[in-house]
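In what follows, a single structure is set out as structure tokens and then discussed.
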Amino acid sequence: MHSFASLLAYGLVAGATFASASPIEARDSCTFTTAAAAKAGKAKCSTITLNNIEVPAGTTLDLTGLTSGTKVIFEGTTTFQYEEWAGPLISMSGEHITVTGASGHLINCDGARWWDGKGTSGKKKPKFFYAHGLDSSSITGLNIKNTPLMAFSVQANDITFTDVTINNADGDTQGGHNTDAFDVGNSVGVNIIKPWVHNQDDCLAVNSGENIWFTGGTCIGGHGLSIGSVGDRSNNVVKNVTIEHSTVSNSENAVRIKTISGATGSVSEITYSNIVMSGISDYGVVIQQDYEDGKPTGKPTNGVTIQDVKLESVTGSVDSGATEIYLLCGSGSCSDWTWDDVKVTGGKKSTACKNFPSVASC
């Protein structure tokens, strides 16, 4: 039988330090300096500190299956060696998990090594963070820089993100593309509070799920605050989504709902409230039911219904070449909308709007 001293020495050698434990108790606090040590020792720790970890190429920082109630702290600078692969760079699951960043920490993905202006095409790029099965948990105060591709893939119930910074500003000039901040699917109860995002795709994309709340967001440089695309997935229901008190600037779109042509599903109980836009290049408000192979066709279908949509105090300006509002619905599939204090200026009026409820203006 190994002595406690020998076990402790082994932990130090392997990139792990254990504290607050006796030989027969689970360790309370662990500091890991390598991804391998974190994966091997995570189940024994109620508090995990990830200290200046450099994740090897083609490897996930694997924090799946954490013990309920575990606290995870990112400390120092977390980095990732280069390989063309699908990722994710980090994956985490468990219940009642609390994730925070220590003062001065940075999760630096150095995405420019992968960026080629082609996003999901071109060279293979890893997604950043899978929050799949990270239930009844919270992620607070993380500082993330230059993700190669999408940042958070969220498939979880009762999860809250607070004060998360995703700074992919370098991607504006270095080929960043498809760098979505929060992609939500198959989730019930997702709260995203005061995020700061500069990226080159959706600030928020809700593809399926219920009870989603996004508030106090700052969204710069991307594709705006989106529902969809909805359709052609195993789950094609989006219900009870509130997006409020947020700004969207220097982006392609501000408010967007899009559904897949020929698909079935439903989008309902959607509220956009107190959204301020500026510097929008394509559409201020766009709701369209004609997406196919990732592109609009101009031919809407009605298999995915869009009901009980409320826009209130959605204001601001778009570029002179942009369209202020574009509403393209299938026959009878858009209904029960509320439209209050929607004022988008600076651009063109659309002449191609179709089948939208009379309370809206186009």
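Even glycines carry a Cβ here, placed using N, Cα and C.
Source: prediction; values computed, not measured.
The signal peptide feature in Swiss-Prot is assigned to 1-21.
Cβ-based neighbour count (10 Å, all protein chains) for CYS30 (disulfide bond) stands at 24. Feature annotation from Swiss-Prot assigns disulfide bond to CYS30-CYS45 (among others); the stated evidence is experimental evidence.
All protein chains shown were included, and the count of other CB atoms within 10 Å of the CB of ASP201 (active site, proton donor) stands at 26. Taken from Swiss-Prot, the feature active site, proton donor applies to ASP201.
Cβ-based neighbour count (10 Å, all protein chains) for CYS219 (disulfide bond) stands at 28. Per Swiss-Prot, the feature disulfide bond maps to CYS203-CYS219 (among others); the stated evidence is experimental evidence.
When other Cβ atoms within 10 Å of the Cβ of HIS223 (active site) are tallied across all protein chains shown, the result is 24. Reduced to three states, the DSSP call for HIS223 (active site) is coil. Per Swiss-Prot, active site is recorded for HIS223.
What Swiss-Prot records for 238-259 is repeat 'PbH1 3', and it gives sequence analysis as the kind of evidence. Sequence-distant neighbours of the repeat 'PbH1 3' (238-259) (same chain, 6+ residues past either end, Cβ-Cβ under 8 Å): 203-204, 206-231, 265-289, 291, 296, 304, 306, 309, 311, 314, 316, 318.
DSSP gives ASN240 (N-linked glycosylation site) a strand state. In this view, ASN240 (N-linked glycosylation site) is surrounded by 16 other Cβ atoms within 10 Å of its Cβ, with every protein chain counted. Per Swiss-Prot, the feature N-linked glycosylation site maps to ASN240.
For 301-322, the entry in Swiss-Prot reads repeat 'PbH1 5'. Through the fold, the repeat 'PbH1 5' (301-322) approaches residues 230-231, 236, 248, 254-255, 257, 259-285, 287, 289-290, 329-348, 360 of its own chain, all at least 6 residues removed from its boundaries and within a Cβ separation under 8 Å.
Positions annotated as disulfide bond by Swiss-Prot: CYS329-CYS334 (among others). Around the Cβ of CYS329 (disulfide bond), a 10 Å sphere holds 25 further Cβ atoms from the protein chains shown.
Per Swiss-Prot, disulfide bond is recorded for CYS353-CYS362 (among others), and the stated evidence type is experimental evidence. Long-range Cβ proximity for CYS362 (disulfide bond), meaning a same-chain Cβ under 8 A and a gap of 6 or more residues, is found for ILE325, TYR326, LEU327, LYS349, SER350, CYS353, PHE356.
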- Query: In the structure shown, with every protein chain counted, which of the disulfide-bonded residues CYS45, CYS203 has the densest set of Cβ atoms within 10 angstroms of its Cβ?
  - Reply: CYS203
- Count, for each of the disulfide-bonded residues CYS334, CYS353, the other C-beta atoms lying within 10 angstroms of its own C-beta, and report the residue with the smallest count. CYS353
- Pairwise CA distance, ASN240 (N-linked glycosylation site) versus CYS30 (disulfide bond), rounded so that it is a whole Å: 40
- Residue distribution over DSSP helix, strand and coil in the repeat 'PbH1 5' (301-322): 0 helix, 15 strand, 7 coil
